[in-house]
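Here is the structure we will look at, set down as structure tokens.
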Amino acid sequence: MSNLPKVIVKDKEDIRTNHINWDEYFMSIAILSSLRSKDTSTKVGAAIVSDEHKVLSLGYNGMPIGIDDSKIPWAREGASELDTKYPYVCHAELNAILNTERRLKGSTLYVTLFPCNECAKAVIQAGIKKVIFLDDKYHDKTYSIASRKLFEMAGVETSQYLGRVPLIDFGDVKYEL
Ligand SMILES: Nc1ccn([C@H]2C[C@H](O)[C@@H](COP(=O)(O)O)O2)c(=O)n1
């Protein structure tokens with residue numbers, strides 16, 4: 001008996017259509033990575049890829065290494081900002097940049113949420129040349145406006161991923177649009 005999932009393709013003979021394309025592949029990896037996040041409201045995943053289509057690094061939003069994340073709030077609101085997740089959580093893009101010692105110059109970042117201005121600065125400093133994002137739900141926030149400015153001035157190309165997304169279902173954790 002095999003534990004491999006059954007492969008279903010529409011046209012096995014047509015090599016142009018019987019596999020997923022690069023963007024689908026890498027955005028799916030970013031989406032899968034997002035499911036590692038313990039954030040209960042927004043799980044973000046990131047994959048950094050070379051111009052030779054090699055995965056250089058992965059990341060998701062989480063508390064810094066060594067921090068007992070059961071002792072840190074995951075809340076969006078609290079008595080003070082210190083009682084929320086925001087001052088503590090490390091964003092997916094920053095984690096992906098820091099999770100490798102490889103050279104990221106000229107690479108592409110696939111991320112499930114448009115980067116904030118702090119991550120935009122790290123993306124630029126790392127030499128990442130292209131950002132492909134899935135969601136842009138904070139488009140009108142000041143930090144997103146600042147990100148767009150920074151990317152434009154630094155010559156980082158950005159584009160929204162409008163392709164197919166996988167339905168990932170682990171039962172209690174799933175990804176669906
Ligand atoms: N580009 C981004 C934006 C946000 N994050 C993280 C930070 C938080 O854990 C979460 C956002 O939470 P919300 O305010 O939507 O409850 O996503 C990130 O990793 N990358």
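Keep in mind that glycine also has a Cβ here, set from the backbone N, Cα and C atoms.
Binding of Zn(2+) is attributed by TrEMBL to CYS116, CYS119, and the same site annotation extends, among HIS53, HIS91, to HIS91. Note on the domain 'CMP/dCMP-type deaminase' (21-150): mean pLDDT across this stretch is 97. Listed in sequence order, the residues of the same chain lying 6 or more apart from CYS116 (Zn(2+) binding site) and placing their CB within less than 8 Å of its CB are HIS91, TYR138, TYR143, SER144, SER147.
The Cβ of GLU93 (active site, proton donor) has 30 neighbouring Cβ atoms from other residues within 10 Å, across all protein chains displayed.
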